[in-house]
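Shown next, in structure tokens, is the structure this report addresses.
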Amino acid sequence: MKALIILGLVLLSVTVQSKVFERCELARTLKRLGMDGYRGISLANWMCLAKWESGYNTRATNYNPGDRSTDYGIFQINSRYWCNDGKTPGAVNACHLSCSALLQDNIADAVACAKRVVRDPQGIRAWVAWRNRCQNRDVRQYVQGCGV
């Protein structure tokens, strides 16, 4: 019985751990997934966005009480428009995926959804953190020394 309790605690701790990317590790991953120059957006801008939205944390979430939506994952993609979390009223799910897919350590789904977001007229300006922290700023520091 004691072994089952310990096993349960170990499994629980594994499921709640998140991956927080190192800066250059994320830069290389985003480059490999085709983000550098996607829709004219530099890799440095994507890195700045991820830094200020999630701190490079794949499991970051942020509840928005005003519209009862939640932002998910490394890019803080919103459940009102882009994914289905089963609890956001009037959700659109334009990325056609579960919001839990945006919380995975493998960020391929998050990248695919971010690419979908920037195909809309707002582009990268859809992210408030990008507008406040990255727009019209020198963002080269986010990829400096990463060899990308």
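Heads up, the Cβ atoms here are built off N, Cα and C, so glycines get one too.
Keep in mind it's a predicted model, so treat the numbers as computed, not measured.
The feature active site is assigned by Swiss-Prot to Glu53 (among others). If you draw a 10 Å sphere around the CB of Glu53 (active site), it holds 22 other CB atoms from the protein chains shown. The secondary structure of Glu53 (active site), as reduced to three states from DSSP, is helical.
The 10 Å shell around the Cβ of Asp71 (active site) contains 24 further Cβ atoms across the protein chains shown. Secondary structure at Asp71 (active site), as computed by DSSP, is strand. Residues annotated as active site in Swiss-Prot: Asp71 (among others).
What Swiss-Prot records for Cys24-Cys146 (among others) is disulfide bond, and it gives sequence analysis as the kind of evidence. In sequence order, Arg23, Cys24, Ala27, Arg28 constitute the residues six or more apart from Cys146 (disulfide bond) in its chain with CB-CB distances below 8 Å.
If you look up Swiss-Prot, you'll see Cys48-Cys134 (among others) marked as disulfide bond, on the strength of sequence analysis. Residues within less than 8 Å, Cβ to Cβ, of Cys48 (disulfide bond) and separated from it by at least 6 positions along the same chain comprise Trp130, Arg133, Cys134, Arg137, Val139, Tyr142.
Counting only same-chain residues six or more apart in sequence, the Cβ atoms lying under 8 angstroms from the Cβ of Cys83 (disulfide bond) belong to Tyr72, Ile77, Ala91, Asn93, Cys95, Leu97, Ser98, Cys99, Ala101, Leu102, Cys113. Summarising the annotation, Swiss-Prot assigns disulfide bond to Cys83-Cys99 (among others).
Cys95 (disulfide bond) falls outside any helix or strand according to DSSP and counts as coil. There are 22 other Cβ atoms within 10 Å of the Cβ belonging to Cys95 (disulfide bond). Swiss-Prot lists Cys95-Cys113 (among others) with the feature disulfide bond.
According to DSSP, the domain 'C-type lysozyme' (19-148) comprises 51 helix, 16 strand, 63 coil. According to Swiss-Prot, the domain 'C-type lysozyme' annotation covers 19-148.
Marked as signal peptide by Swiss-Prot: 1-18.
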Other C-beta atoms that fall within 10 angstroms of the C-beta of Cys99 (disulfide bond): 26
Least Cβ-crowded entry, counting other Cβ within 10 Å, from the disulfide-bonded residues listed as Cys24, Cys113, Cys134: Cys24
